[in-house]
Amino acid sequence: MSERIPTIPIEETGGRLTVDGTALAENYREIAARVAPAQCAAVLKADAYGVGLEPAAATFWRAGARVFFVALPIEGRRLRTALPDATIYVLNGLFEGSEPVFGTHDLRPVLGSVEEIARWEAFCAAQGEALPAAVHVDTGMNRLGLAPAEAIGLADRRNEVGFTLALLLSHLACADEPLHPLTARQLEDFQAIAALFPGVPASLANSAGALGDRALHFDLVRPGIALYGGRARADQLPLRPVVTLELRIAQIRTVHEGEAVGYGAAERVRRLSRVAVLSAGYADGLPRFAGGSDLKRGACVLVAGRRCPLVGRISMDLLAVDITDVPEDDVHAGDFVTALGGGIGVDDWAVHGGTIGYEVLTSLGRRYHRVWRED
Ligand SMILES: *Cc1c(COP(=O)(O)O)cnc(C)c1O
């Protein structure tokens, strides 16, 4: 089944982005099986890491996911429309004035400060109902969450809090590096805090934690990047790739030895070259730093089955590729080349672009022709 989601007609745009819903579901089932008996949630923030919130939500639901995390109330509201029966947590906390949105759409805030807890308790009191929420405890990342002493304070009045404490949560800072000492320290601190809240489900692991030591799993794991085919740990290959990106060749041109390509004349070709100019650029989420220069090789795309390096800087809407080694009959203006897929992943672009696969995924352009495929 190939499902068209509302999108831009292919003839009006420079690229085709295909999301493999089957791979997405398989990645979910794979992680869920590895962490059982812990439960496996799915993290859908940032438009499901760029692949599309609504179709991703439906796919994970069919694969068995029942608990979901988003970053913002607006994402929670969209997700509630897509999944009426899901448990939805909003990670970034309880923004001032957002309480009614949580109440109306049955969203659970992840409360990350004493002030947020007080605000949720006041809202619950006004509603006359101990509504569910998670509490985030910081164990060393210093981003969101109660300080350990504040968590102890909450534990002391555990039986009289004015909301339902449905989940205790903390977040790992370094689980992608298997030997990083902070992970063991965070685990130890989280175990100690979780022990103060008997009977409350606990959750610590992101993708890297879910694919790591069992001790990190607790009751619920919260994978994001691994579901979407990105690399979660330095010591493991990614699961199945989910995104394919094909870019249109706008023009093919000849460039003479010593001539430069693109802005800043940053890369001069060293031989008589054929260059394909593709109709996509950094405005489509391709990291600008992944271009080529005289000092550094650029990322590669697949042209007629061959890896061809970018040449020169990436522009806003265009980029150039050296196709000199591709037989002339195998490639023509108007053809599509593969920028993601066929062994080229978001992490390859990230390495060349000085960033991480997460950023490449979540930056995927909004002006591609998008196809959601599910067989
Ligand atoms: C983003 C996020 C996750 C998912 O992280 P991945 O590394 O993508 O698996 C889990 N928990 C929290 C709190 C997050 O912010």
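A Cβ is built for glycine as well, from the same backbone N, Cα and C atoms used for every other residue.
TrEMBL: automatically predicted annotations, no manual curation.
Among the features that TrEMBL reports, active site, proton acceptor is placed at LYS45, TYR263. Summarising the annotation, TrEMBL assigns substrate binding site to ARG143, MET316. Taken from TrEMBL, the feature domain 'Alanine racemase C-terminal' covers 242-373. As annotated by TrEMBL, N6-(pyridoxal phosphate)lysine applies to LYS45.
For the domain 'Alanine racemase C-terminal' (242-373), the DSSP-based tally of helix, strand and coil residues reads 26 helix, 48 strand, 58 coil. Geometry remark: TYR263 (active site, proton acceptor) versus MET316 (substrate binding site), CA distance 11 Å. MET316 (substrate binding site) sits 26 Å from LYS45 (active site, proton acceptor), taking the C-alpha atoms as the reference points. Within the same chain, the residues at least 6 positions away from LYS45 (active site, proton acceptor) whose Cβ sits under 8 Å from its Cβ are PHE69, VAL70, ALA71, LEU72, GLU75, LEU91, GLY224, listed in sequence order. A helical conformation is recorded for LYS45 (active site, proton acceptor) in the three-state DSSP classification.
A simple way to gauge crowding: the CB of TYR263 (active site, proton acceptor) has 14 other CB atoms within 10 angstroms, across all the protein chains here. Cβ neighbours within 10 Å of ARG143 (substrate binding site), excluding its own Cβ and spanning all shown chains: 10.
Computed over the domain 'Alanine racemase C-terminal' (242-373), the whole-number mean pLDDT of the model equals 97.
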